[in-house]
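Trainee: Quick one: this structure, given as C-alpha cells, is what I'll be asking you about.
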C-alpha cells in the first residue's frame, strides 16, 4: 500500500522518538515489578534492576540500543548523588566523625581489604579486585534506611548506628569515585593526577559552601513564591556544578554531590522545592536503575555457557562477601568498639547489601574501561540479590541472632557488662529502669526525689557516661540477655519499668517470670492489651494519654469554658515550668 | 583519562537560558512561557545558534506535552465535567469551522495560494493546549467553570487535529472515501482508548492503587508507568492495527496521556498525585517551550513576518468574538463567557505540527512553516498577557461586556469549605477529637496518607482527603486558610510551620511536637496548644511510680491503673467514657481552675495537664 509508506514518512515528524519509546518500555515493564516489590514489602532497587533485565529484551525487540538511555540514566546518577548531598546534616558529620562511630571506617577498610584479597587470590586481576572490594564494603543507604526505619523512629541504638555507618560509607564512596575516576585503579597513574583531582573536588565543595551561603537565598528571593522557578534554578545549579566537574576532568558525581551541598537548606522554608526535587529524582533514579539492569548481558540466555558460569561465580563470590563475610566483620568491629552483642549483630544484619554507590562506581569504571563487562554484570547481579537477601535477613534478624547465640558463635556477653556496669552488691527492693531516654530520665528523677534506690539498664554505649554520671547504678547491657538481669539483681527488685516500646523486648521481659512487678510500654492498644493479659502490671501507651488530654482541651474550648488565648497562656506557662525543671535536672 | 560519564551541553544551555529568562520575567512580572519561548529564539539558529535539537531535548519536550496532558487528565473527575459536556461539543465544532473560514480567508487575502490558504485555515483552528493549560494551572483555574470549558474544547480540537494529521500524513488523498476511512478509524481509536481508560478506572486501577497508595515512591512510579502505557500504545497503534486490520492510523501521545490521567482521576488518590507530577511537568514543559523556535533558520522564520503580524492581529480578535458569541449562546453568564473566550485566542503549537506535516507531505513550502511558527509565537505571547490579567480586564470592562451578553443561567461550581475544622493525620491521639469536632462544626475534614484510615473515616461519615499536608493542592483542597479549627497530629516541624503559615489568624490551632524547643517556637508563632506525647507519658509514668512507692497508697494506684486500663479497652473511639471516668471532678473543677494545680494523683487518670502538679513536688 503506497499510503502506508507515505504515512511512515510523515510519522517521523509527528511520531515520538526512539528515546521516548525506550523510556516508555522501561516504565511499562517496571510497573508490574514494583507491584511485586510492594506486595512482598521488599526494597524497590533490586526490582528496578530486574525490570531492567526484562526491559532489555523489549528494547532489543524494538531495535533500541542500550546506550540510548545511558544519557538519561546519568541524570539519574547525578540526581541520586545530588539528593544525598542535599540531605547531609553538617552537624551530624561532625558528631559521627568525632563520635565512637569511627567504627564505620574500620568496617569499610577491613571488609574492603578482605574482598580485594579474596578476589585476587581467586584470580581476579588486582585492578578489578579493587571494585570487588568496593562492592563488598559499601552498603546501600536507600535499601538500608528503608529497612531500619522503624528502628530509627523508635530511637534504637542499632537504627542510629547503621544509619551513620551508611552515611560514612556514602561519603567515602564519593571520595572513591573522585580518585578512581583518574584511573588510579589501573596502576598507570601516579600521585600527581590524583592530587589534582582531589584538589578540584575540594575546590568544588568549597564553591558549594560559598553558593550555599551567598547565592542560594538570593535565588530563593528572586524566585519569590514560584516553585517552578525555584526548581528550575536549582536544576540549573546542578547542571553548573556538573559542568564544572566535567571541565575540570573529574567525575560528574563529585559535581552533583557538591551541588547538593550548595542547596542544603532547612526544607521548611522551601517545601515546594524539596518536594518537587523528590519527584524529579524518583523519576530519573528509576530510569538509572532500570538502565543498569538493561545493560546486563544475562547469563545463559544472552551469553555463552562458559562466560555465564564465570560471571555467576564472581557474582556468587560478591554475594557471599556481602551477605556473610561483611556482617561477620561488622559484628566483630562493633563488638570491639564496645557495643553489646545483640546490637552489633542486628546492626550488621541491616547493612548486608551492595550499595547503589557501588553501582555508580561500577558503571563509571565500565565506561572508563577499567573493568570488564563480566565483572560489571556480576556486581549488578550481586547487588540485586543482596538487596533482597538483606531485607530477609532484617526481617528474621532476631531469629538469626538467637541461632548464632545458641550455636555459641558470639562471644559471651558477660565481660563487657561486668566491665561497664556499676551496681552496689547489697541492692534490694530497688527499681529497675530499662532505657535512659526521656521517660527513663524522668523515672530516675522520681526515684532520686524519693530516695528510692534504682538501677538503669541501658544498651547504648554512647549514653553510658551520661547514665553513669547522673544515676546511682547502671548496667550497660541488653534487656534481651538474662545476664543483664542477673547483674541488675532483679531477684530482689521491687519493680521493673521498661521505657522501650519494642515488642520483642516486652515479650522477653514477661517471659523471664520475675517476682518483681513489670511495667511496659507499647505503641498500640492491642499490643498493650496482650501484654496486660500476659502479666504486666501496667502498660503505658503514650498516644492514649495524649488523646485523652486533647479531648479535654477541645471539649473545654468548644463548650466555651476556655478561650483559645487562655488555653495558650496556660499551656505556655506549663511549658516554661517544664523547661525549668528539665534544665535544673541537667545541671 | 576523561570520564565518559558526561552530560550534554545543549540541555545545560537550555536550562541556563530558561532559568535566566524565567527569573528576569518573574522580576518584571511577565509570564514565564514568554520567557522560555524567547530564550529559545535567542539560543536557536534564528539568533545565536548555540543549541541544536538533540534526541534528549526532543524527548524532554515530548514528555512535557505528554505530562501536561496527563496532569490535566488527573484533574478531570467525570462527575465534575459531565454537566458541561454537551456545551463543549456545541461550542467547539462551530468554532473550528468559523475560525477555519476566517483563517483561510485572511491567508488568501494575504496572497497565499489556494492550497496554502486552506492549510493555514486548518492550522489556525486550534487554541494552544500548552499555553492555556499551563496558564490555567498556574492560576489554579483549571477546574473552574471556564477552565473546564476551555479544557473540553481543547480536547475536542485535539481529536480533530489528530484526524487532520492522519489525513495529511496520508499524502494527497486519492478519493474522498479514503479520507472518510481514515477519519472513521481515528474516531474508533479515540473511542477505544477512552473506553479502555474508563473501564480500567472502575476495575483494575482501584485494586492496584489501593495496595500501593501507602508507598509514596511506588505509588508515583506506577502512576507514571500507567501513563507511559497509554503513551506507548497510542504511539505504536500501528503495531496492532496493521497486522490485524491492514490499516494504519495515527493517535497522538497527548491523547493517550490525557486518558491515562482521566482513568486515575476517578480514584480517591488523584489529588496526591497532582503534586508529585507537577514539578516534572514544569521542567519538561519548559524544554518544550524553549524548543518551539529552536529548529528554524532565521530566513525561514522571518520570510513572511509582516503577513504573520497582520494575520495575528486579525485572528486574535476574531477568535475571541467567535468564542464569546458561542459561549454566550450556551448561556454561561458574562464572566465565564469572557474568561473562557479570552483564554483561547492564540494559535496552537499543533498549528506548527500540522504545517510541518504538510511540508513533509509536499503540500506547502518550509517558509509557510516559518509563517505558522511566527504566528503561533506571536499570538501565544499576546494571549499569555491577556490570560494573566483576564480578571482585571473583566472588571475593567464589565459594564460594556454585560451589555452584549445574555443572562447566564448555567449553574456549576462546587461548594467550598468555610469555618470548618481541619484535622491533619488520623491516629490514636486525634481520633478522640473527631466526634467532639463533628458535634460542633458542620464540616470536619481529615487529611491522612494511609488508605485504611481514609476508609475508616469515610465509613464513620467524615470528609477524608488522601494526601500529604505538605502539598499545596491538598492544603487548598481542604481550604485550610478558611478553617476555624485546625488540629495537627504531625510532630514534623515542616508540616506544622506550613500549617501556621496557611491558617487564618482567628483560627484555633492545636498541634503536636516532640521536642521542647519545637513546642516553644510553636507557641511563639501562635499555636494555642502543643501536645507533647512523650513528655506526657513520661510524667504520667513518673507519677504512677511515685504512688507505687508511697506506703499505703495501693488503692489509689489500683484505681489509677484501673481507669487507664478501662481507657485502653474502650479503644478510645468514644472520648465520652475515657475522658469521663477520670475527669468526673476534672472537667468541672480541674479545667475551671486551670491545669497545673489539679492534683492528678487523686483523680486517677485525670486531666493530663495535671502533670504540671506532679512536677512541682
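We number each residue from 1, going along the chain as drawn.
Every residue gets a Cβ built from N, Cα and C, even glycine.
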Trainee: I'm validating the feature mapping. Which of B:149-170, B:391-412 is tagged transmembrane segment in TrEMBL?
Mentor: B:149-170
Trainee: Could you tell me whether the transmembrane segment (B:247-269) and the transmembrane segment (B:59-76) have 3+ CB pairs under 8 A, leaving out pairs under 6 positions apart?
Mentor: yes
Trainee: Determine which residues of the chain contact the transmembrane segment (B:368-387) at the Cβ level, with the cut-off under 8 Å and only residues 6 or more beyond its ends counted.
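Mentor: Sequence-distant neighbours of the transmembrane segment (B:368-387): 31, 33-34, 37, 41, 112, 116, 119-120, 123-124, 128, 131-132, 135, 139, 292-293, 296, 300-305, 307-309, 311-312, 315-316, 342-343, 345-349, 351-352, 354-356, 358-359, 393.
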Trainee: Run through the domain 'RCK N-terminal' (B:422-532) and tell me, per DSSP, how many residues are helix, strand and coil.
Mentor: 48 helix, 24 strand, 39 coil
Trainee: Looking at the transmembrane segment (B:149-170) and the transmembrane segment (B:88-112), are there 3+ C-beta pairs under 8 A, with each pair at least 6 apart in sequence?
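Mentor: Since 3 or more Cβ pairs under 8 Å link them, the transmembrane segment (B:149-170) and the transmembrane segment (B:88-112) do come into contact.
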Trainee: Looking at B:88-112, B:118-137, B:218-241, B:247-269, B:281-302, which one has the highest count of Cβ pairs under 8 angstroms to the transmembrane segment (B:176-198)?
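Mentor: Highest pair count goes to B:247-269.
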Trainee: Sort out the residues at least 6 away from either end of the transmembrane segment (B:118-137), same chain, that have Cβ-Cβ distances under 8 Å to it, and list them.
Mentor: 31, 33, 64-65, 68-69, 71-72, 95-96, 99-107, 112, 147, 150-151, 153-154, 157-158, 160-161, 164, 254, 278, 285, 288-289, 311, 315, 319, 343-352, 354-355, 358, 363-364, 368, 371-372, 375-376, 380, 383-384, 387-388
Trainee: Per the definition of 3+ C-beta pairs under 8 A with sequence separation of 6 or more, do the transmembrane segment (B:308-327) and the transmembrane segment (B:88-112) touch?
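Mentor: Answer yes, regions in contact.
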Trainee: Take a look at B:6-25, B:32-53, B:88-112, B:218-241 and tell me which one has the most Cβ pairs under 8 Å to the transmembrane segment (B:281-302).
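Mentor: The stretch with the most contacts is B:32-53.
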